[in-house]
Amino acid sequence: LAQSLFALFASSLAISLVFAIIPLCHNVVVLAVVMAVAGLAMGCIDTISNMQLVKIYQKDSAIFLQALHFFVGFGALLSPLIADPFLSDTNCILSNSTANASSNLPHIRKSLVPHHPGNLSHYDLPMKGMVVTRVSYAFWIMALINLPVPIAVFFLLYKERMVPCFNSSSHPLLSADELAMETRPGEKDDLSTAAQRPPAAGGHDDLFSCCQSKNFRGASYTYFAVHITGALVLFMTDGIVGEYSGFVYSYAVEEPLSVGHKVAGYLPSLFWGFITLGRLISIPVSYRMKPATMVFINVVGVLITFLLLLIFSYSVVFLFVGTASLGLFLSSAFPSMLAYTEDILQYKGCATTVLVTGAGIGEMVLQLLVGSIIHDRGSYSFLVCGMIFGGLAFTFYAFLLFFHRMYPKPPSDLDDASPDKAAVPDDTGQYQR
């Protein structure tokens, strides 16, 4: 827990520093390095926050994962609204030809399509002159908005007596009475037997204990198959989120739809808005519905939506309806799959790292793949790729269900134990250090 909180503190602080530094970068190599640091920090936050929620709440983690990812979507929806007032509709470089360049911007935007770009040499864009832009303020505002996060994490470390310099002066969040209630006398025998269990039931003491080879000894092939198929489902679903939000604008402005640029600009916002709405709805739904059922609804809904988008590919109205529908179905795929996979593997936290990594790779790779295909085959291939990825997600989910049936059941002593008893050794062990 201490390692995770220190990593969260360092990563969240790094994001504020990165956003503050970005406007000061005047070299593309320096900017690339700064953005790489931001990517590493965000990857740490994504993995650790998911993994700790699974460890702490175990069978109840589905609700908390849905809440976590609701705020992920809410942030993705909110941040463009913060940046929008500082974005200019005119050229940011003042020169004698600024007026002509500003009037040319709408035509240039229309010419800059994903494939077969037109000849832009006849547009006069000034490259030298006084730079006038307010976009830096957007980055600094985001840096300030994020700053309370590392402060809150540091406060948690301080209250839990995990900061070496302040060990004696702080009071833990859990009092001695509450700790005594968590370790009731009647459960001491359970704690002693739990401490003698083999390392396979562990994985909580060290942040990297999941990667140790001793945990893989004697594991059946279904153990690895569950990890791989779960990661492949998220590879596809998160990849669809990335490629759809990245290319739906380009698809809309081209033939046969030829949607106006301003109207097409609402499509990514609509997509993220319904992802956020879907995650908010999923918080109470996950309390009643099993994660496996929610993932099934997600992948089937994505497949049907892409099929209807292909059938009604000439309808602008259905493009907006399909975008909203796709956002709803994709919204809870990640947290539901995480909860389902960890449930199969008895909440050891190891699957979280594999699934988060698979989702991140999918979001990166599928955008590159779809971008190159659109460049060669035209905009219609955008929907065809989505249909193929949705079909693959459904196929991998079917394999996951199969391997779940083949996966060995936990021992009977764990089945008979209450959720509170199962959670005691890890949680209380962390607080008592």
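Even glycines carry a Cβ here, placed using N, Cα and C.
According to TrEMBL, the protein has these features:
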- 30-49: transmembrane segment (TRANSMEM)
- 61-82: transmembrane segment (TRANSMEM)
- 137-158: transmembrane segment (TRANSMEM)
- 221-241: transmembrane segment (TRANSMEM)
- 263-281: transmembrane segment (TRANSMEM)
- 293-312: transmembrane segment (TRANSMEM)
- 318-340: transmembrane segment (TRANSMEM)
- 352-374: transmembrane segment (TRANSMEM)
- 380-403: transmembrane segment (TRANSMEM)
- 412-433: region 'Disordered' (REGION)
- Quick tally over 263-281, 293-312, 318-340, 352-374 of CB pairs under 8 Å to the transmembrane segment (380-403) gives the top stretch as 293-312
- Note on the structure: When counting C-beta pairs under 8 angstroms to the transmembrane segment (263-281), the leading stretch of 30-49, 61-82, 221-241, 318-340, 352-374 is 318-340
- Long-range Cβ contacts under 8 Å made by the transmembrane segment (30-49), restricted to residues 6 or more beyond its ends, are 4, 7-8, 10-12, 14-15, 18-19, 21-22, 68, 352-353, 356-357, 360
- Note on the structure: Counting Cβ pairs closer than 8 Å to the transmembrane segment (318-340), the top stretch among 137-158, 221-241, 293-312 is 293-312
- Item | Outside the transmembrane segment (137-158), six or more residues from its ends: residues with CB under 8 Å to it | 2, 5-6, 8-9, 12-13, 15-20, 22-23, 79, 82-83, 86-87, 166, 170, 173
- Query: Residues of the same chain, at least six outside the transmembrane segment (221-241), with any C-beta under 8 angstroms of its C-beta?
  - Reply: 275, 295, 298-299, 302, 326, 330, 333-334, 337, 340-341, 344-345, 350-351, 354-355, 357-363, 365-367, 386, 389-390, 392-393, 396-397, 399-400, 403-404, 406-408
